[in-house]
Amino acid sequence: MTHAHITTWLIAIILFFVVNALLKSKKDKQAKITHMVLRLFYILIIVTGVIITVGLSKIDGEYIGKIILGILTIGMMEMVLAKVKKGKPAKVFWILFFVIFILTVLLGLRLPLGFWVFK
Ligand code: HEM
């Protein structure tokens, strides 16, 4: 299940950049459709995350932190796209997105399931 979780958020990140590029090049219709697919992937990220969480024997603070960061990452993607769509400055949200995303991945990898990048 951690593999499914990683697959869903990797695809979501790619779609996020695609939607951003489509919005920037004023391809509104394609952007709208891709954004809808991206939102479907948010649901899949949350569903796979919840399935992993339900299977845990003990949930500590690090897990709660990981879940909050995961949800915030999704929130920041939506904020960036909302600003780009309106043609407003999105710099602050881009920075927040990158910082929160990196923290989410680092904390995710630190936690015991799945890949052991850090011991
Ligand atoms: C874009 C958002 C997210 C990213 C980038 C992300 C990233 C990651 C990464 C890198 C891992 C480690 C996988 C491994 O070591 O095999 C992970 C695990 C996990 N994620 Fe997420 N995640 C996101 C959203 C969520 C959400 C929304 C939830 C909860 C509803 C969640 C719950 C979990 C849980 C419970 C684990 C298992 C931790 C462990 O014990 O290794 N994640 N995630």
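Glycine residues also receive a Cβ, built from the backbone N, Cα and C atoms like all the rest.
TrEMBL annotations:
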- 6-24: transmembrane segment (TRANSMEM)
- 36-57: transmembrane segment (TRANSMEM)
- 63-81: transmembrane segment (TRANSMEM)
- 93-118: transmembrane segment (TRANSMEM)
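Stretch with the largest number of CB pairs closer than 8 A to the transmembrane segment (6-24), among 36-57, 63-81, 93-118: 36-57. Beyond the transmembrane segment (63-81), the same-chain residues lying 6 or more positions past its ends with a Cβ under 8 Å from any Cβ of the stretch are 9, 12, 16, 19-20, 23, 35, 38, 42, 45-46, 49, 53, 56, 90, 93-94, 96-97, 100-101, 103-104, 107-108, 111.
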